[in-house]
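Structure record follows, encoded as structure tokens.
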Amino acid sequence: MAPNGTASSFCLDSTACKITITVVLAVLILITVAGNVVVCLAVGLNRRLRNLTNCFIVSLAITDLLLGLLVLPFSAIYQLSCKWSFGKVFCNIYTSLDVMLCTASILNLFMISLDRYCAVMDPLRYPVLVTPVRVAISLVLIWVISITLSFLSIHLGWNSRNETSKGNHTTSKCKVQVNEVYGLVDGLVTFYLPLLIMCITYYRIFKVARDQAKRINHISSWKAATIREHKATVTLAAVMGAFIICWFPYFTAFVYRGLRGDDAINEVLEAIVLWLGYANSALNPILYAALNRDFRTGYQQLFCCRLANRNSHKTSLRSNASQLSRTQSREPRQQEEKPLKLQVWSGTEVTAPQGATDR
């Protein structure tokens, strides 16, 4: 999800420091991959999570998952080895994937904020405004725009500082070049403008939600639904807040590097703000679990279903064996007096009184 930049490699002289950084980066990658896999599986298992809003959340989780699988491992290797060892061609692919995933993440968060805005500002028309077809079109546009902006700009050299150097690769470095125009345009289009719109939408959402809560506080039937809706909004706002905290320092450094030169930022500082941005991909699943009850339920179902199924199977086997033993030991007269149980489609059992079968 790193936008238009890759891991800045700085050499670590201390062995202990290098081991510590290796462990931290490995844990971050593991949490990113595992956490976003859990998000996708939870939505698949829990029907309450299968709604249009969560389509964008799943898209965001897929983006972060791809980041953890396709970008972060190579960023960590580059960070720790202090050199790029995978060649020029793969450097261009790697940086293009990095930019694409960042753009997709921002656009997903942007669409989530618009979805929440429609749900709170005009709840009666929400089913008309947000339809499955429109959501599908939005998701397709998110990925088409992301692919176009990333691969097109890098492979055509729009980010380069001179006409002769259109690549992103030197002998030992793999780093996207940033010129003045590219730094300003990309920073505004992919981060600052979406961030501004999201802040405005969430401000209006919270303002309307607060006014509605005051007006309908005495109506219990509306109160429960409103509380659930507001909790979902708070959760999504927390996700966006984490995104701002994680990525704002990097984009500030990115624009500054475009204005002042590729070497204007200290490599240590650049690496810190970059990996702070990467950490956002690991935070999103944690935020869902901490703030959203439906996601907590989905996580519980995911982690407990296999254990529950295993225990249920063992219990069923013991019950069947016990029932068979009792049946074989009963006398025929006792079997005839056994109450009749009628199984209905609703899943409940209706027990007939003894002797009902004799009538």
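Cβ atoms here come from the backbone N, Cα and C positions, even for glycine.
According to Swiss-Prot, the feature topological domain 'Extracellular' maps to 1-22 (among others).
Here the transmembrane segment (23-44) has Cβ contacts under 8 Å with residues 50, 54, 57-58, 61-62, 64-65, 67-69, 72-73, 76, 79-80, 275, 278-279, 281-282, 284-286, 288, 295, 298-299, 301-302 of the same chain, all six or more residues outside its ends. Among the features that Swiss-Prot reports, transmembrane segment is placed at 23-44 (among others), with the record citing sequence analysis.
If you look up Swiss-Prot, you'll see 58-81 (among others) marked as transmembrane segment.
The feature topological domain 'Extracellular' is assigned by Swiss-Prot to 82-92 (among others), with sequence analysis given as support. The average per-residue pLDDT of the prediction over the topological domain 'Extracellular' (82-92) is 88, rounded to a whole number.
For the transmembrane segment (93-114), the list of distant contacts is 1-6, 53, 56-57, 59-60, 63-64, 66-67, 70-71, 74, 86, 138, 142-143, 145-147, 149-151, 153-155, 168, 174-176, 190-191, 194, 197-198, 201-202, 236, 239-240, 243, 281: same-chain residues at least six beyond its ends, Cβ to Cβ under 8 Å. Among the features that Swiss-Prot reports, transmembrane segment is placed at 93-114 (among others).
For ASP98, the entry in Swiss-Prot reads site 'Essential for histamine binding', with the evidence type similarity to another entry.
Long-range contacts of the transmembrane segment (135-159) within the same chain, counting only residues at least 6 positions beyond its ends with a Cβ under 8 Å from a Cβ of the stretch, are 4, 52, 55-56, 59, 92, 95-101, 103-104, 107-108, 111, 165-168, 176-179, 182, 186, 190. The feature transmembrane segment is assigned by Swiss-Prot to 135-159 (among others).
What Swiss-Prot records for 160-180 (among others) is topological domain 'Extracellular'.
If you look at the transmembrane segment (181-204), the same-chain residues 6 or more away from its ends with a CB under 8 A from one of its CBs are 3-4, 102-103, 106-107, 109-110, 113-114, 116-117, 121, 149, 153, 158-159, 233, 237, 240, 244, 247-248, 251, 254-255, 257-259. Taken from Swiss-Prot, the feature transmembrane segment applies to 181-204 (among others).
According to Swiss-Prot, the transmembrane segment annotation covers 235-258 (among others). Listed by sequence, the residues of this chain that lie at least six past the ends of the transmembrane segment (235-258) yet keep a Cβ under 8 A from its Cβ atoms are 2-5, 105, 109, 112-113, 116, 178-180, 182-184, 186-187, 191-192, 195, 198, 202, 205-206, 264-265, 269-270, 273-274, 276-277, 279-280, 283-284, 287-288, 291-292.
The topological domain 'Extracellular' annotation in Swiss-Prot covers 259-267 (among others).
Residues annotated as transmembrane segment in Swiss-Prot, with sequence analysis given as evidence: 268-289 (among others).
Sequence annotations record features per position, and here Swiss-Prot assigns compositional bias 'Polar residues' to 317-327.
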- Note on the structure: Checked against DSSP, the composition of the topological domain 'Extracellular' (259-267) is 3 helix, 0 strand, 6 coil
- Task: Enter the number of other CB atoms within 10 angstroms of the CB of ASP98 (site 'Essential for histamine binding').
- Result: 27
